[in-house]
């Protein structure tokens, strides 16, 4: 899919168990405000640069209609769409995501290059074509330097790739397990 590569630190311990509720507590909802995103990232020791760079991971993947329906039909509790959505994009999304039903219908997070890891995600945000509210507020949230970072990553793919790699390593070092907690897995997908 392209994108950056980086040296992955070895020896990280993984938990022997998983908790859906615990993991969901730390994942920002798709309708987050910018201040909410910044706060959730700061709680994990990540800053605004990490927030914007890691959001660039949305250059690949899809989202369920339920995660962006509010933007199409009732963004501010007034039964109107999000005015930041570019009109043609908005009408295309409405055809995928009806007002009633269709919650499991999917749309690419980056419709221009959905299977290529690139910086088009940031360009789409600048063009009013960010899918999730949590994407769009990086540009319009009026908090901190996120707007400047979106513009910088849209302009310079190399800059985005370098920061994405740094932020991935930083994220991977959050709350490491030590001592007898967890295990270094032989196969990262399976408990030893």
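Cβ from N, Cα, C; glycine included.
Because TrEMBL annotations are produced automatically, they should be read as predictions rather than curated entries.
The feature substrate binding site is assigned by TrEMBL to 28. Of all Cβ atoms in the protein chains displayed, 17 besides its own lie within 10 Å of the Cβ of residue 28 (substrate binding site).
Look at TrEMBL and you will find 58 tagged as heme b binding site. Within its own chain, residue 58 (heme b binding site) has 109, 110, 121, 131, 132, 135 as residues 6 or more apart in sequence whose C-beta sits under 8 angstroms from its own.
Look at TrEMBL and you will find 59, 110, 118 tagged as Ca(2+) binding site. When Cβ atoms from all protein chains are considered, those within 10 Å of residue 59 (Ca(2+) binding site) total 26, not counting its own.
The disulfide bond annotation in TrEMBL covers 65-97. The Cβ of residue 65 (disulfide bond) has 18 neighbouring Cβ atoms from other residues within 10 Å, across all protein chains displayed.
What TrEMBL lists as domain 'Plant heme peroxidase family profile' is 1-192.
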Exercise. Within 8 Å of the Cβ centre of 59, 110, 118, which other residues of the chain have their Cβ, at the recorded Ca(2+) site?
Worked result: 56, 58, 60, 109, 112, 113, 114, 116, 117, 119, 120, 121
Problem set entry | Under 8 Å by Cβ from residue 118 (Ca(2+) binding site), counting only residues of that chain that are 6 or more apart | 2, 3, 59, 157
Seminar exercise, completed: Across every protein chain in view, the count of C-beta atoms other than its own within 10 A of the C-beta of residue 97 (disulfide bond) is 23
For this session: Inside 10 Å of the Cβ of residue 110 (Ca(2+) binding site), count up the other Cβ atoms and send me the figure.
Result: 27
